[in-house]
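*Asks:* Sending over a structure as structure tokens; questions will come in a sec.
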Amino acid sequence: MMPYLRHLLVLVVCLDSFGECRNKHNTRERRWTGPVETQKHGTSLAKKPPDVTKSRRLKTEQLLKVDDHDFTMRPAFAGPAIPVGVDVQVESLDSISEVDMDFTMTLYLRHYWKDERLSFASSTNKSMTFDGRLVKKIWVPDVFFVHSKRSFIHDTTTENIMLRVFPDGHVLYSLRVTVTAACNMDFSRFPLDSQTCSLELESYAYTDEDLMLYWKSGDESLSIDEKISLSQFLIQKFHTTSRLAFYSSTGWYNRLYINFTLRRHIFFFLLQTYFPATLMVMLSWVSFWIDRRAVPARVSLGITTVLTMSTIITGVNASMPRVSYIKAVDIYLWVSFVFVFLSVLEYAAVNYLTTVQERRERKLRERAREQSLPCTCGMSHTRSMMLDGTYSEADTNSLAGYTEAPMVPEEVVPEKREHMVVHLSVSNESSTTKKKGIRGLRIIQNTHAIDKYSRMIFPGAYIIFNIIYWSVYC
């Protein structure tokens, strides 16, 4: 009897434990699946209506009905042109290249349009934001940059693309792009120039009958970071324009323009080009104060300044495109080069005229020897020349090999002293003719006068050139 009671008691205990475990399991299920109703400080919270944009049960494709439509076609296909608004925020203007004639710009490009196929139900009227993965599944405008050389969408850490869809079907499509585009520059006033460049946007496939591209807020569609600055240029003005572009094979397209004007800073070129060229020209004038007989000094100075000017011209042209017209800096440098070269030619003329003058003096000495009276030579080492005063002053100076002595009678001279007496007699008529000829050629033969005139003519002409140059180009 006792064993049966023991077994019965064990069975009752097991059934009781099984019932408690089942109640705990039901309570845990109600905790996770049952409605949440809490009460705080005696006040119950109102139950929020469900928002489909926050639902975890629906996928993006199901919510936007991406699979229910053919997004290879534009919105309102075969209907009126779809308007696509554009606005741009310029983040940076990275570089301006004169050699390649282009510029590099980083910007935020935003498109606005309406696609009713992407509309969805939302009680809160809130938009949904997506990254670049959804862009590949829907229709977006095919805007490209006209005359661009290189461009890319930034992809650090992911692609810098944002897509925002509103419940009524309006779409905001934004991307961060860096583009390098061509800019037709005019260097006729370089480096005192201003350049106007433009970045052009256009639809590649859709004509104005299918897509109407326009600035969303007019001139306010373009915004610029105030911290943008360039080392060589001053940004003067940004503005927007738009017009139609025609292609003979495909038709008319809407084209948007981002225009900006840049003015070059002149101070860098003053230090690197204009001041060195001016100093070289002034250095070439130093030779006018050096003695004409110092041939090595004047020649080396002239050649040095010419070679330095050639180096400056070569350095400036190396950083510029090979244009077929004359630039403002070319005019200044080549005129300065001409001044330096003329200073070398001036000394060549001085040296030549000095040689001619010495040759004339040598001929005068030889002529004086031929016209002298016969004499007994070899009698004495000391020779004297008696001049009767009728010879010209220039002829007197040309007789460098003789010493002037007073006129004395032959009887006074002692008999033991051997001497040579030469009496030169030239008519007054011949002396007057020579004086007139020498006075007429005095400016040409006097090389000191050429240097003296060059000291005034060269600086004066260069100052006049600078006044005209800076008044024209500034």
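The backbone N, Cα and C atoms fix where each Cβ goes, glycine too.
OK, TrEMBL features for this one:
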- 1-21: signal peptide (SIGNAL)
- 29-51: region 'Disordered' (REGION)
- 266-287: transmembrane segment (TRANSMEM)
- 273-388: domain 'Neurotransmitter-gated ion-channel transmembrane' (DOMAIN)
- 299-319: transmembrane segment (TRANSMEM)
- 331-353: transmembrane segment (TRANSMEM)
- 456-473: transmembrane segment (TRANSMEM)
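Context for these features, please: burial, neighbours, distances.
*Replies:* Through the fold, the transmembrane segment (266-287) approaches residues 191-192, 232, 297-298, 301-302, 305, 308-309, 312, 316, 329, 332-333, 336, 339-340, 343-344, 346-347, 454-455, 458-459, 462 of its own chain, all at least 6 residues removed from its boundaries and within a Cβ separation under 8 Å.
Among residues of the same chain six or more beyond the transmembrane segment (331-353), those with a C-beta under 8 A of the stretch's C-beta atoms are 273-274, 277-278, 280-281, 284-285, 287-288, 292, 295, 298-299, 302-303, 305-306, 309-310, 312-313, 316, 444-445, 447, 450-451, 454, 458, 461-462, 465, 469.
Within the same chain, residues 189, 192, 281, 285, 288, 328, 331-332, 335, 339, 342-343 sit at least 6 positions outside the transmembrane segment (456-473) and bring their C-beta atoms closer than 8 Å to a C-beta of that stretch.
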*Asks:* Within the same chain, where does the transmembrane segment (299-319) have neighbours whose Cβ lies under 8 angstroms from its own Cβ atoms, ignoring anything closer than 6 residues to its ends? I mean 6 or more beyond.
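*Replies:* Contacts of the transmembrane segment (299-319) (Cβ under 8 Å, skipping residues fewer than 6 from its ends): 98-99, 273, 276-277, 280-281, 283-284, 286-287, 290, 329-330, 333-334, 336-337, 340-341, 343-344, 347.
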